[in-house]
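If you look up TrEMBL, you'll see 12-35, 164-187 marked as transmembrane segment. What TrEMBL records for 310-380 is domain 'PAS'. Annotation comment: TrEMBL describes 383-435 as domain 'PAC'. The domain 'Histidine kinase' annotation in TrEMBL covers 448-675.
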Amino acid sequence: MFSRLRFHTKLNLGIIAIVVGMAVTLLPLVGSMTARALIKENKQRGVALAESLAVRAVDPMLSQDYLRLRNMADEASGVGDVVYAFIENQHGRVLTHSFHKGFPSELTGANRVGRDGKVHIQLLDTGTEHIYDFAAPVMVAGQRMGTVRIGLSKKRINMTINQLTTTLAGMFGGALFLVTALGTVFARTVTRRLATLRKHAEEMVKGNLDSTTASPPEAHCWEMMNCEMADCPAYHDKRRRCWYIAGTQCEYHGQKGKSDNLDSCRNCQVFQQNVGDEIQDLAETFDLMALTLKNHIQELREAESNLTHQQRLMRTVMDVNPDRVSMVDTRMIYQAANRAFAQFVGMDASRIPGKTDFHLFPEDEAESRNLEAREVLRTSKRVDRQERMENEDGSEQWFHVVQIPVYDDKGNTTGLLRTDRDITDIKAYEEQLIQAQKMESIGKLAGGVAHEINTPLGIILGYAQLLQDDVDKGSQLHQDLATIEKQTKVCRKIVADLLGFSRQTESAKREMCFNNSVMEAASLVKHAFSLDRVAILTDLDDRFPIIYGDPEKLKQVWINLLNNAKDAFTDDGGTILIRTRLDTPKGIVTLQVADTGSGIPAANLKKIFDPFFSTKSVGKGTGLGLSVSFGIIEDHMGNIEAESPLPDGFPFPETPDAPLPGPGTVFTVNLPLDHCPADQPA
């Protein structure tokens with residue numbers, strides 16, 4: 001019933017239901033809240049009046065000035081909604097009261113002061129109205145010498161609540177009338193525009209795809225932007241809005257040529273000036289749909305003319321394919337086969353459609369092929385296997401057999417496609433490759449150990465060259481000899497890393513100074529590098545960031561990066577820059593090791609951290625250095641990446657007498673300042 005109502009009727013009914021529902025919900029709620037607030041305020045006022053009268057009645061009671069007490073009671077009862085006031089002595093005898101027609105004796109026992117000596121409130125029903133009775137003690141020197149009683153009528157509270165409820169009901173009634181009128185005007189506007197859309201849809205059904213519904217834009221994009229790019233698809237296109245056109249060349253979009261994303265157009269002045277409401281968007285979408293349908297129909301006609309050509313082309317492709325390709329339907333009847341399959345079964349390809357496996361193969365083989373094909377059709381699971389066949393001369397052949405079900409546009413299985421590829425040569429090569437890889441891995445592992453040991457050995461050699469004469473124990477040479485001993489321990493640790501390369505080992509992590517670790521590694525290789533005319537420059541963050549890590553393992557990473565940078569230079573040498581930066585808001589510290597060497601080809605950038613990958617000549621590296629470094633940085637919850645050539649604007653300091661720089665490479669390492677687990681926030 002409701003679904004058959006007109007749109008403006010539904011809108012008005014919805015508005016009325018909302019307003020009436022709010023009124024029914026809010027009126028009792030507001031009334032209840034107001035009543036509680038007024039009653040509370042009235043009780044506080046009555047307590048204040050009773051306590052005030054009790055304090056003022058002390059002197060007249062002590063002096064037995066009953067006239068003065070009578071004046072006080074009359075004065076209190078004359079205030080607003082105070083119905084009565086009277087004063088009792090400590091024995092409960094009424095000393096004075098404000099009643100003009102006699103004192104009601106039953107009132108004396110209707111309320112008593114509480115045991116705690118505080119004002120006690122009692123609601124009394126007189127039969128005609130409700131009265132709040134307040135009993136306050138008259139205290140002298142801590143002793144109660146009487147009681148003050150005041151009665152407040154509840155009529156004023158009820159009148160206030162009734163007035164507020166009436167006002168709210170009137171406001172809701174006025175709001176109901178106003179929103180109903182506005183809703184009717186709005187609904188008529190919407191229905192009129194929807195009727196225009198309905199007529200446009202009817203025209204589209206009749207085949208008229210040239211009609212439009214949306215109002216023309218106030219200004220076109222090429223007019224507002226003074227655009228002269230005639231090759232832009234939106235240029236002089238008056239039927240479509242530019243934000244509906246993919247591939248525009250508007251320079252104001254975030255990514256030129258990718259304006260098909262509507263979000264990139266929302267801040268454009270063309271969009272803001274021409275965009276409308278939801279119905280306007282719907283009308284524009286209808287117009288765009290009509291134009292798209294027209295273009296699509298034209299494309300279908302062109303596709304139809306190319307279909308025959310594509311079929312001939314497909315037949316040619318299948319025939320030149322050396323794989324045996326065949327397709328059967330759900331009844332196991334062949335629908336198509338290529339020339340290779342036809343030659344295998346010894347029959348012309350044009351005669352195969354309509355045959356079954358039992359017409360083409362021996363009975364046992366036909367039964368096996370038939371059962372396997374039916375199982376694939378039943379389970380809709382792809383078969384991908386290798387099959388060995390023994391020829392009559394005793395040789396064997398291997399085939400890669402793939403069987404997949406064929407579906408129509410509704411997802412129903414219509415047949416089965418099978419390909420048999422001869423992989424006899426591949427199997428032979430595979431066996432040879434497996435054996436070769438085993439031997440190569442063993443050789444690379446041995447070479448990798450030598451590669452990692454080569455670094456501390458080079459340091460040992462560098463310091464050994466400084467030994468000229470015997471010196472005292474406290475001399476610089478003695479310190480150099482101590483450094484040699486320390487680097488020997490590093491060599492032993494590197495060997496341990498190689499042995500544990502395939503299994504996770506514990507790191508001896510502790511708090512350490514990041515800059516000191518980097519400088520220590522740089523100082524160890526600086527002299528040896530200078531002999532090869534390689535200069536090391538440093539640009540360290542002066543805040544001395546503290547991290548949580550394994551100093552020896554991180555030093556091994558820094559030395560590996562420095563050695564890789566050095567190996568990028570020719571015999572003329574070059575410059576290596578070490579830069580550290582602390583990013584406190586992000587909680588990370590960054591190391592950059594940049595060089596001006598020959599750089600890394602783009603094809604190798606993604607593989608430089610792979611185990612055993614190396615571009616160095618035989619004997620100079622096996623590709624374990626960066627792989628080990630990658631694992632150490634990951635163990636420290638960080639990341640490492642490389643970029644080559646150096647990015648534009650990279651701040652590389654100029655050095656005099658330096659050789660001509662090459663493309664260069666920069667390695668960037670990011671490490672966290674804290675040591676929280678990777679799956680927990682810092």
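Cβ atoms are placed via backbone N, Cα and C, with glycine included.
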- Query: Residues sitting near the transmembrane segment (164-187): Cβ under 8 Å, six or more positions beyond its termini, same chain?
  - Reply: 7-8, 11-12, 15-16, 19-20, 22-23, 26-27, 30-31, 34
- Note on the structure: Model confidence over the domain 'PAC' (383-435), as mean pLDDT, sits at 84
- Note on the structure: For the domain 'PAS' (310-380), the DSSP helix/strand/coil residue counts are 42 helix, 10 strand, 19 coil
- Note on the structure: Taking DSSP helix as H, G and I and strand as E and B, the domain 'PAC' (383-435) has 12 helix, 30 strand, 11 coil
